[in-house]
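Undergrad: Sending over a structure as structure tokens; questions will come in a sec.
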Amino acid sequence: MWFEDRGKEPMALAGGTDSFLHHPYYQGQVEQTPPHRPGDLAGPGFPAPPDRLAGHQEDDVDLEALVNDMDASLESLCAASETAPLLHNGQHSRGPTPGARVLQPQAAPRQRVQRSQPVRILAVRRLQEEDPHLRTSSLPAIPNPFPELCGPGSPPALTPGSLPPGPAAAKQDVKVFSEDGTSKVVEILADMTARDLCQLLVYRSHCVDDNSWTLVEHHPHLGLERCLEDHELVVQVESTMASESKFLFRKNYAKYEFFKNPMNFFPEQMVTWCQQSNGSHTQLLQNFLNSSSCPEIQGFLHVKELGRKSWKKLYVCLRRSGLYCSTKGASKEPRHLQLLAELEDSSIFSLIAGRKQYGAPTDYGFCIKPNRVRTEAKELRLLCAEDEQSRTCWVTACRLLKYGMLLYQNYRIPQQRKAMLSSFSTPVRSVSENSLVAMDFSGQTGRVIENPAEAQSAALEEGHAWRKRSTRMNILGSQSPLHPSALSTVIHRTQHWFHGRISREESHRIIKQQGLVDGLFLLRDSQSNPKAFVLTLCHHQKIKNFQILPCEDDGQTFFSLDDGNTKFSDLIQLVDFYQLNKGVLPCRLKHHCIRVAL
């Protein structure tokens, strides 16, 4: 509202309700203000003054009542928006002067907020729920982006089920072949190791899990193969293989045999140490597993030159940094050593047919293949040892120097799992079984067999009674197929250790593939004598063959390994006996070669 003065600029009404009345200029000029009618003061939001002003003359205006009416009008506007009239033209309003008449505003639907109380600003969502008229321009209606967090029963954090599903783990199909040529496609995860895949194949093929199954990386075009380490990722290895390469599922009893008999794998003349060693079995392995020690394998090897067909016999030493050859005799001085291959980005393979494919001087060849090489044979580092023990020493040392403690952990995992399950492996006998006693019913009355030796012999006799029974007659009077003489000649064909009609070379190849450990054996038909059989046995990393000849006694056919001194009714009894007794063999039968169909 504006007031005009003669000869003066318009002046805005500021300050409190009656502050302008105390100004000295207005105190002297109040009566000189131009006349105004009460209706001129009415406007939007400003109600007309009360009727008491109507009786006054136009030139006589009650300014005090007019200001009070203005203040009451402003307060009614502020009460409608539930905000206190804190500001009047940018200044904080003060209370009315003493003696001034204050008009009481009309009662609002809600309790009006006093001026001395702070105004609490509510959320827009709550304002809308309580009263739609309380929405102000300073609180825009922005939708809540997380309504599930505002509910009274909602947890402060999102539950796992409320999150969107993440990307599924990558899967890949891998084709695995068995020894008999059958194959199976297995869907595996990207982080599955060779041990995990072997466990899966053992479960699906219903094999006996004795921790000797391995996954073999086979390269037929290069004539190479190796057993994957248990910790290697199958998908990662497959990415370095050519299209002709494949995986084989095979037994390998010699995978960790060097941890049990290290002295058989490391001849004393081939191992040297940079520090003093006591030569014990434990110290021998610790020097290989300890990265701070410096073991060396030394000896002569036939080395094939890169890009040529010729082989040279060189003095070679194996260290952690790689394989070196001496350019001057057997000298190991640094100036005479030349690097042949590194072990970090390479893998150790065995030659399948070294003589035929590469013209190798011996049958005990191995290869250091860089991982980047797929089909190029020119970049392969081919080597040949003089005998099987030397080749096994070189290959085992390369594995230990490359992987170290990882190999020992792979070896200990099955041992620890077996120890954890040992309490569950022993069957628990029931009370009724503990009360059983051995009885003899051969006489007219039964008797209790109190002698333990007699009870054991009676149990064995009862167990083999089905093999000693007389001829069974069927309804037609013909001989039963279960006749002992006929059964003894065919019952062994159901056993895993019997491989049928295979050659001597094939039997030796199977023994080598499944590990040259003491006691590894198989039985096969003899090629020279159609009625005889052959036992192929490994001892001290050498393969030996023993012929099993049939012999007759009292019209019955028996089998013997020692010219009839020890006779057995069938081959199952023979294998069972030599698994417990060495007899004429150099060692007991321990592991049998097996082939499974996937």
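Just so it is clear, glycine is given a Cβ too, placed from its N, Cα and C backbone atoms.
For reference, TrEMBL lists these features for the protein:
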COMPBIAS  104-115  compositional bias 'Low complexity'
COMPBIAS  153-167  compositional bias 'Pro residues'
DOMAIN    170-254  domain 'Ras-associating'
DOMAIN    294-403  domain 'PH'
DOMAIN    497-593  domain 'SH2'
REGION    1-47  region 'Disordered'
REGION    87-115  region 'Disordered'
REGION    133-170  region 'Disordered'
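If you look at the structure here, what lies around each of the features I listed?
TA: Across the residues of the domain 'PH' (294-403), the predicted structure has a mean pLDDT of 92.
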Undergrad: With DSSP as the yardstick, break the domain 'PH' (294-403) down into helix, strand and coil residue counts.
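TA: Breakdown, helix to coil: 27 helix, 45 strand, 38 coil.
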Undergrad: Per DSSP, what is the helix/strand/coil residue tally across the domain 'SH2' (497-593)?
TA: 20 helix, 35 strand, 42 coil
Undergrad: Tell me the residue counts in helix, strand and coil for the domain 'Ras-associating' (170-254), as DSSP assigns them.
TA: 17 helix, 33 strand, 35 coil
